[in-house]
Every structure is written in structure tokens, then in C-alpha cells.
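> I grabbed these lines from TrEMBL:
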REGION    1-25  region 'Disordered'
COMPBIAS  1-10  compositional bias 'Basic and acidic residues'
TRANSMEM  51-70  transmembrane segment
DOMAIN    124-261  domain 'Peptidase S54 rhomboid'
TRANSMEM  133-154  transmembrane segment
TRANSMEM  161-183  transmembrane segment
TRANSMEM  189-208  transmembrane segment
TRANSMEM  220-238  transmembrane segment
TRANSMEM  244-262  transmembrane segment
TRANSMEM  289-311  transmembrane segment
Amino acid sequence: MSNIDVERGGGLRNGKGRGGRVGGQNEVAAAEPSPFYYHSDSVAKREWTPWIVPLFVAANVAFFVVAMYINNCPAHSDFYGSCVARFLHRFSFQPLHENPLFGPSSSTLEKLGALVWDRIVHQHQGWRLITCIWLHAGVIHLLANMLSLVFIGIRLEQQFGFVRIGIIYLLSGFGGSILSTLFIRANNISVGASGALFGLLGAMLSELITNWSIYTNKAAALFTLLAITVINLAIGILPHVDNFAHIGGFLSGFLLGFVMLLRPQFGWIERHNLPAASQVKSKHKVYQYVLCVIALLLLIAGFTVGLVMLFRGVNANDHCKWCHYINCVPTSRWSCEN
């Protein structure tokens, strides 16, 4: 598993891993959303029963079990040492020198759909942009991501329903995969749900901005979200973390939040209980519509340009010589090479 990256991120703890780094993306710092952020008595009169987020968690766990079954560590050579937890038989983990996250080998992850630049560009296996979101490099990687998903996703689904949150999660993961592949090195692979998780975090931020007028404690909410985002992206500059997946997922979710998480203004919700002078004719404010249109156009343009560049085999590192520092900053203590 010498060619796996610890998931795209460090602070978020979910992940997609890039080559040479065991793991996948990172997990988002799993802090449950504060009450001041999502509570608005005038708006949140109905809560959905969450089921899509628990389903995503179950699917990720199931994929990991399948990966371990196919991996079958005892059946392979002990080049890196003996398997870990051999009492699990074919579900035992690869040697820790190969994969310190307690998971399968990089070859197994590649076989099941990990992000591999050469296979996507030259072998036309674009489906890997989706399958990599459901794979994890190890138990630690999986637990960190799923805890983050539960803490962030459940509350969002209660507020906005399964359709919108499901779409944001999947498209953000897809966006993270696109940006990661544009910068990934030929001998690296990437797995994990961190791009999707960062997308939910980005959507939380844009939801706060577009629905600014209905919240109290706005400054505290904004500072909290920005601090969480900065910390998690900063952790992404460590080795074995795919920060490009984090950034791609975050930007996708941020734009999607403006499009899909609009809340009606107070005057519209209470129009039947307010005097005629206080009623409003429009469900949303003008600036909400403006932000929605701009975000939608940017989202379409970003996905289109990214996919065209990807399938033309463009290496984004050739056009941005310093961008690799966004992903990993070498120091005397570690190297960013495989």
C-alpha cells in the first residue's frame, strides 16, 4: 500500500488518499453544528427524519467489508511482513509497514475503483471518479470519515431533507475527485469520502451567507465555520493527505449551497399572520436569486472545464508550478515524495 495517500485531508477526517500515502482523504473535524447556526424558529418548523446519511454510512462500511474480503491478506506473500489481526482470517489487515491505517493493499483498492490518473485518462475509466468516494484505506480512515459524516450530515438532512443533502454529498465528492485527478501524480492512487464531507462543510458556509438575514449570532457562526475550514485545509498540507480533493469538494459544496439551500424570508413564511403592510411578495430576497444564478453558472463552468482538461490528459501541475505546496509542504521531518 505504498502508493496510497491518506485521504484528502487531515482535519476533516474523511478521506481520499493519494499515492504514496496510506489512507485517503481526510476527515472533517467532527464538531456537531452549534445551535446558533441552524436554529431559526420562524423557519425550521419542520424537520425531516434522516435516512440518506445513515444509508451512506452503511454503504461505506459495506464497501470496506467487501474490500477486506477481496484483499484476503493471508493468501498473499509477506513482503511487508505478516498480516495484522490474523484471527480475522481473510479479513485481516495488511502489514502496518504497508498500510498503517489497518486496511487493504493499494492493489486491492485500485482493483475496486480507486482514483488512478492513468486508468481514468488513458483507459477511459471515468467511473473511478465516483467509486473512489466509497472506498477507504483502513479502519481508522473509515471511522474518522463516518463520524464526521454523522455529526455534520444528520443535522443538515434534518433541516433540508434527503434530496438536497444527497445531491450535495455526491456532487461534492465528484468535484473533489476531478480536482484531485488533475493534480494527482501518475503513480499515486486516491480513495475516501473527504471531498464529499468538505462539500457539506462548504454548503453550511454558503447556506449561512445566503440566508444571512434570518440568523442571530451571525458573526459567531461565520467565525466558527471559517475556523473549522481553515484548520482542516491547513492539516491538508501534511503528507499522505489529498488536499486537492478537499478543496474541490469544498468549492463544489459551497456553490451548491447557494443553489439548493435557500430559505424563504421571514415575511413570506408568516405572510398569513402578518398585516398587509408587512407581507412580502417574493419568497426569496433578490440577492439570494443573484447568488444562486452566479453559483450555478460557476458550478457548470467548473465541472465542464475540469472534465475537458482531465480527459484530454492535462496535468494541472504543468500550469501551476507552486500548486503542489497546497497539497504538501516538505520539511526536514518529512518528504512529499512517495
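Glycine is treated like the rest: Cβ placed from N, Cα and C.
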> Is the transmembrane segment (133-154) in contact with the transmembrane segment (244-262), using three or more Cβ pairs under 8 angstroms as the rule and ignoring pairs under 6 apart in sequence?
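Stretch pair does not touch.
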> Ranking 51-70, 161-183, 220-238, 289-311 by Cβ pairs under 8 Å to the transmembrane segment (133-154), which is first?
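That would be 51-70.
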> List the helix, strand and coil residue totals of the domain 'Peptidase S54 rhomboid' (124-261) as derived from DSSP.
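Result for the domain 'Peptidase S54 rhomboid' (124-261), in helix, strand, coil order: 107 helix, 2 strand, 29 coil.
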> Give me the mean pLDDT over the domain 'Peptidase S54 rhomboid' (124-261), rounded to a whole number.
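Here the mean pLDDT over the domain 'Peptidase S54 rhomboid' (124-261) amounts to 92.
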